[in-house]
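Engineer: Sharing a structure with you now.
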Amino acid sequence: MLVEKKHLKLSKLFKTELGEVIKNPEVVYEEYGNKTGPVIFLGHGGLSSQHAAGKYSENDSNPGWWDPLIGEGKLLDTNKYRIICANSLGSMYGSTGPLTINPDTGKMYGPDFPKITLIDQVKFYKYFLDELEVKELFMMAGVSMGSLHTLQMAVLYPDFVKSLVAVATAGYMPPGGLAFHNIMINILKLDPDFNRGWYECGVPQIGLSIITQLSKIYYTNYKMFVELCESITEGKDIQQLKNKKIKEFLQAGVKEAIETRDPNSYITMLEAINSYDLSRGFSSFKEAVKRIKCPALIMNIDSDCEFPPEYAYEIGEILNNKKTGQARVEILKSKMGHLGCIYEFGQLEKYIGDFIKALEH
């Protein structure tokens, strides 16, 4: 499936939770499928983009992050559904963020980009969907950061979201995630070329390289590293061979990965994610979660150290105590840790497929 990147300039300014004004906001998005069909809105992960499915050209070697699930005759059938995925506010992949030109200065926002929260990102999505004249979502589905957006959307706009799928998720950012995110932010800021965010001589490489390699550890699982070395059983120095194998894994693709990444945008996104707590603006966490009216499929991964399974059960229990059967909780089995949300397509297809069948019958 060949797809194209679309741009939409929103008609009005956007005001953040902290009261700052973003002029001339713009959204980059992709859209697939039946333009008159039920709308499915997808939320991407923090390091990902709106490119959820298909390819930009026949020679493109990088299909979208949920490509096996989206397309003609696939689970999210483009003959049936109108599927939209938009790049988040603050991201480095096209929507308004630190890389955007500030209309007041004629220069990139850089570190002067307004501080945003995850609630801001969700309200920005809702503003975008309103501009597209989307009246309701048959489903909102998201992975990682996108799963947080999904739950937050259902809390803020309970009549707008008719069903939800949240993969690798929680109702607030867990302490372990806060810790790792702050380590990443500190590493980026300590890069000698960061210059307080004004890096006119090119993107700082050292900090991005380090956190990209750290992410390969944090967002996967030790079982994957064991498997990488399982085949090394012979040699003069087996331990040295294993060490070489791990080094190669950590360094593979790093140069290519950081070419598209921007430290200021990275920091903006991480700080927004760190602000996430469904109870914000409500009397309690339970009361916030209870605002969700729609059927919910909550899926975490057994080996994920950012969002362990208990965080899925926590949300499911609150919803099912309110209304029996409102939430389904499934735990994906994976050696990939957090990244299981974009790798375990067999399990995702089964659980989401069963969920959709139940919705439609």
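Backbone N, Cα and C atoms are what each Cβ position is placed from, and that goes for glycine too.
As annotated by TrEMBL, domain 'AB hydrolase-1' applies to 63-323. The feature active site, nucleophile is assigned by TrEMBL to Ser144. The feature active site is assigned by TrEMBL to Asp304, His338.
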Engineer: Looking only at the domain 'AB hydrolase-1' (63-323), what is the model's average confidence as pLDDT?
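Structural biologist: The average pLDDT of the model in the domain 'AB hydrolase-1' (63-323) works out to 96.
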Engineer: Would you kindly give the Cα-Cα distance separating the residue listed as 'active site, nucleophile' and His338 (active site), rounded to the nearest Å?
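Structural biologist: So the alpha carbons of His338 (active site) and the residue listed as 'active site, nucleophile' sit roughly 8 Å from each other.
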Engineer: Can you grab the distance from Ser144 (active site, nucleophile) over to Asp304 (active site)? Cα atoms, rounded to a whole Å.
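Structural biologist: Cα of Ser144 (active site, nucleophile) to Cα of Asp304 (active site) measures 11 Å after rounding.
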Engineer: Going by DSSP, give the three-state secondary structure for Asp304 (active site).
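Structural biologist: Coil, per DSSP.
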Engineer: Run through the Cβ atoms and count how many others sit within 10 Å of the one on the residue listed as 'active site, nucleophile'.
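Structural biologist: Around the residue listed as 'active site, nucleophile', other Cβ atoms within 10 Å: 27.
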